[in-house]
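S.K.: If you scroll down you'll find the structure; I have some questions about it.
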Amino acid sequence: MSVHSEIKKITTETLRKMKFDKEKITMLTAYDFTTAKMVDAGGVDAILIGDSAANVMAGFETTLPITLDQMIYHTQCVVRGVDRALVVADLPFGTYQSNPEKALESAVRMMKEGGAHAVKIEGGKEIEESIRKIVNAGIPVCGHLGLTPQSIYQFGTYKVRAKEEAEAEKLIADCQLLEELGCFAVVLEKIPAALAKKASESISIPTIGIGAGPDCDGQVLVYHDMVGMNQGFSPKFLRRYLDLYSEITGAVSQYVKDVKSSDFPNDKESY
Ligand code: KIV
């Protein structure tokens, strides 16, 4: 028996059971092979190839410009580095909202070419038919409600969503709809903690929060934020576990000094 076959892989069913057993679910983003290997080895339950790749990998201001081909490429790289975690890939802006046939086509490409285990899409009632079509094809779908960054030009800001009653009620209704449609989980982004608690209690599929308080069934963060690679991004919800920006710039400047002073390479580092 190979080492790989001994690893118990996380499935959508595992996540459902974790909610039932009240065991918190952990998710982080990754966009490349090397990071995916480390994140998987660290023991997260799910890895998200988020369309935040548009921000942290490509330097765009919003997530809108990233293409399906680019997301498929990132997903292929991540899948090669993962032995255990469930691999969930975002379908990017414009690839599922306009019609259900196109949504299914995009999801099929992500599964077939990308090798993802599931897709994530943003929205509730508005994209009901797209979700139905994808789920009916046997593709696991993770929903995403609250602050949905693909709608940033409609919202106008990245502030906390669903503070008003009407939007909060719609969010709860959308959570219930996503469960009815067969989604296996739903990401709740930047909403009041009390609302996230109510949403989590109102459905039997897991909620995975980001800026949604402690009562979600799991948590997700963008890897680059969590390890402190981004200096300019400090929302209240973010906990930084490292200061890699300082570590890496420090290491690079030491390398520059060592080369300029002819300290590197030395005799032991030469053939
Ligand atoms: O794209 C992303 O990284 C996401 C997370 C913030 C949930 O959707």
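Just so you know, glycine gets a Cβ as well, placed from its N, Cα and C.
Okay, these came from TrEMBL:
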- Glu189: active site, proton acceptor (ACT_SITE)
- Asp51, Asp90, Glu122: Mg(2+) binding site (BINDING)
- Asp51, Ser52, Asp90, Lys120: 3-methyl-2-oxobutanoate binding site (BINDING)
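Give me the structural setting of these features: burial, nearby parts and distances.
M.R.: Every protein chain shown contributes to the tally, and the Cβ of Glu189 (active site, proton acceptor) ends up with 22 other Cβ atoms within 10 Å.
Around Asp51 (Mg(2+) binding site), the same-chain residues six or more apart in sequence whose CB sits under 8 Å from its CB are Thr63, Ile66, Met71, Asp90, Pro92, Phe93, Pro149, Gln150, listed in sequence order.
Of all Cβ atoms in the shown protein chains, 20 besides its own fall within 10 Å of the Cβ of Ser52 (3-methyl-2-oxobutanoate binding site).
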S.K.: Suppose the 3-methyl-2-oxobutanoate site is Asp51, Ser52, Asp90, Lys120. Which further residues of the same chain have a Cβ inside 8 angstroms of that site's Cβ centroid?
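M.R.: After dropping the recorded site residues, what remains is Thr29, Leu48, Ile49, Gly50, Ala53, Thr63, Met71, Ala89, Leu91, Pro92, His144.
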S.K.: Using a 10 Å radius around its CB, how many other CB atoms surround Asp90 (Mg(2+) binding site)?
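M.R.: Taking every protein chain into account, the count is 30.
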S.K.: Measuring CB to CB from Glu122 (Mg(2+) binding site), give everything in the same chain under 8 Å that is also at least six residues away in sequence.
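M.R.: Residues satisfying the criterion: Gly143, His144, Leu145, Thr148, Pro149, Gln150, Ser151.
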S.K.: How big is the gap, in Å, between the Cα of Glu189 (active site, proton acceptor) and that of Lys120 (3-methyl-2-oxobutanoate binding site), rounded to a whole number?
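M.R.: One finds 13 Å between the Cα atoms of these residues.
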